[in-house]
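Structure, as structure tokens:
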Ligand SMILES: O=P(O)(O)OC[C@@H](O)[C@@H](O)c1c[nH]c2ccccc12
């Protein structure tokens, strides 16, 4: 079997390959352990097969301040089943090679502190984690994890909000690795009805200053949303809708959503 070196270079290469093929990036988000730890790897495999470019994996946490109701409930279900960060890391250490897509952990900073920053980075590397999104760790505080993260060669993806100043957007884009996560609404995660046309200008600006691909996320829940937002951006992240479709076992609809990124 061919061995893959996971980490930030794997994430970058995979995203670039998609863009170079003239395609758009589609990153589904799942809550690890929703449906039980036994379904975790099979779910990742299904998303892999359905055409995900990379997969964002949420870590269940008691105070998910940026998560909307759908993701909070999924986190609660996983917590009720006793799923924790060490379980998720252990299972990936064993089974990471079954999944081709780069894997990005989405976790608040607290579970990382609790685990121990140095140990977390070592183990995340062993588990084949390629990127990290830590929404409550602002740019100014990244030094807290920087050394260990660099040693583990894991990308840190930055979030940029609609409300940031241009200077700040530029600073965040310059610091982001893998891709830049552009939040498309003011508020928390969760399905939305529609998106404003003015997002077009916002993305044009972000793309002009960002050295990495710019992805849109938050509220994207229909194939039409995916089509609209991939016109402005290099791709999309879809969370709440994917969680609902997995819960209802509507895998065909997941495929349709992913396909919409290529049209
Ligand atoms: O659920 P939505 O609206 O599709 O948004 C993406 C999202 O779920 C995922 O990227 C995410 C889940 N929790 C977060 C916290 C912060 C930033 C991003 C996230």
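Heads up, the Cβ atoms here are built off N, Cα and C, so glycines get one too.
Curation does not apply to TrEMBL; its annotations are automatic.
The annotation active site, proton acceptor is assigned in TrEMBL to 56, 67.
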Problem - Rounded Cα separation (Å) that holds between residue 67 (active site, proton acceptor) and residue 56 (active site, proton acceptor) - result: 14
Completion exercise
CB neighbours within 10 A of residue 56 (active site, proton acceptor), counting all protein chains shown, number 24
Completion exercise
Counting across all protein chains, other CB atoms within 10 angstroms of the CB of residue 67 (active site, proton acceptor) number 23
